[in-house]
Amino acid sequence: MKRTVNTIWFLNLAIADFLFSFFLIFNIIYEYRNLDWPFGDFMCMFSSLVIMLNTFASTFLLAAISLDRCLSTWVVVWARTKRTVLKVRIICLLIWIAAVACSLPLVIKRKTHSNSSEQILCIAGFSGLEAYKRATWFRFVVGFLIPFIIILASYVAIGVRVKRLRKHNKLKPFRIILAVILAFFFCWLPFYVYTFLELWLIEKTQKYPSAERTKIKNVFNQIGLFIVSLAYLNSCLNPFLYVFMCEEFKKKLRQSLVMVFDSAFAEEHLALFSQHSQSQRKSHSQSGSGPCLTQSLTLEG
């Protein structure tokens with residue numbers, strides 16, 4: 001596939017989703033083992049880092065893509081001359097660096113902890129409730145709210161521009177990006193609502209008896225499992241959105257599949273032809289050895 005500005009954007013989004021999906025297997029095993037972490041301290045921190053990194057990298061990339069689309073719509077001449085693949089690669093590199101810088105402080109203290117039930121938990125390791133509050137607000141504001149405001153403003157500006165130009169067909173190239181953004185919003189917004197409800201619940205139930213607090217926590221954790229799964233679903237949806245909503249991706253996918261099948265059939269045909277040739281040579285060799293042997297015996301006799 002030809003390297004264009006759009007393919008670079010989507011390649012980086014795909015990398016973020018792939019890393020997230022690959023390391024999600026550790027969390028699935030953790031849940032399957034009833035919150036018993038078997039992979040040690042480093043993987044407790046590192047798998048959480050990858051998941052956090054995906055959150056920040058995805059939102060930053062979506063915000064950058066939205067700004068890029070907005071500038072391409074409003075400043076057409078500038079976009080044609082200044083919007084290069086090299087610049088987009090540099091921006092993507094800076095986005096990954098920023099995502100790591102935002103993610104690392106939130107997970108660096110993550111560690112394993114044995115509880116009374118002889119379970120090994122993978123916990124955040126914050127010093128207290130206030131530290132957890134600050135981390136939650138930072139993640140929400142930097143990783144969701146600010147990027148979403150940029151995205152929303154960019155698409156409002158795009159809509160205004162398209163309406164002025166009265167060229168509704170210009171919206172077609174933006175539908176995949178809009179679909180990815182909407183999927184991200186509806187998958188991750190419930191997660192942040194749940195997180196703030198969890199904070200509120202922790203504060204309200206601090207004076208409750210231990211047994212009652214545990215009962216409320218268990219019910220809330222069951223709801224949380226569904227909410228977190230919905231957030232994780234976003235990374236599984238994006239590849240389908242790339243393929244089935246983007247004409248260029250569908251075209252390239254069809255071309256790739258045709259090339260794969262053509263290559264497979266060509267190799268099979270070549271193998272059959274080679275086997276046929278070898279069998280013919282073998283039969284000719286065997287049929288030719290009879291007269292030679294007879295002639296040799298006749299001469300000797």
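Just so it is clear, glycine is given a Cβ too, placed from its N, Cα and C backbone atoms.
Any TrEMBL annotation is an automated prediction that lacks curation.
Quick look at what TrEMBL lists:
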- 1-242: domain 'G-protein coupled receptors family 1 profile' (DOMAIN)
- 7-30: transmembrane segment (TRANSMEM)
- 42-67: transmembrane segment (TRANSMEM)
- 88-108: transmembrane segment (TRANSMEM)
- 137-162: transmembrane segment (TRANSMEM)
- 174-202: transmembrane segment (TRANSMEM)
- 222-244: transmembrane segment (TRANSMEM)
- 278-301: region 'Disordered' (REGION)
- 292-301: compositional bias 'Polar residues' (COMPBIAS)
Distant-in-sequence neighbours of the transmembrane segment (222-244), which means Cβ under 8 A and at least six residues beyond its ends: 10, 13-14, 16-17, 20-21, 24, 31, 54, 58, 176, 179-180, 183-184, 187-188, 190-191, 194, 198, 250, 253
Distant-in-sequence neighbours of the transmembrane segment (174-202), which means Cβ under 8 A and at least six residues beyond its ends: 13, 55, 58-59, 62, 65-66, 69, 129, 132-133, 136, 140, 144, 148, 151, 155, 158, 216, 220, 223-224, 227-228, 230-231, 233-234, 237-238, 241-242, 245-246
Beyond the flanks of the transmembrane segment (88-108) by at least 6 residues, Cβ under 8 Å: 5, 8-9, 12, 45, 48-49, 52-53, 55-57, 60-61, 64, 68, 124, 135, 138-139, 142-143
Average model confidence [pLDDT] within the domain 'G-protein coupled receptors family 1 profile' (1-242): 84
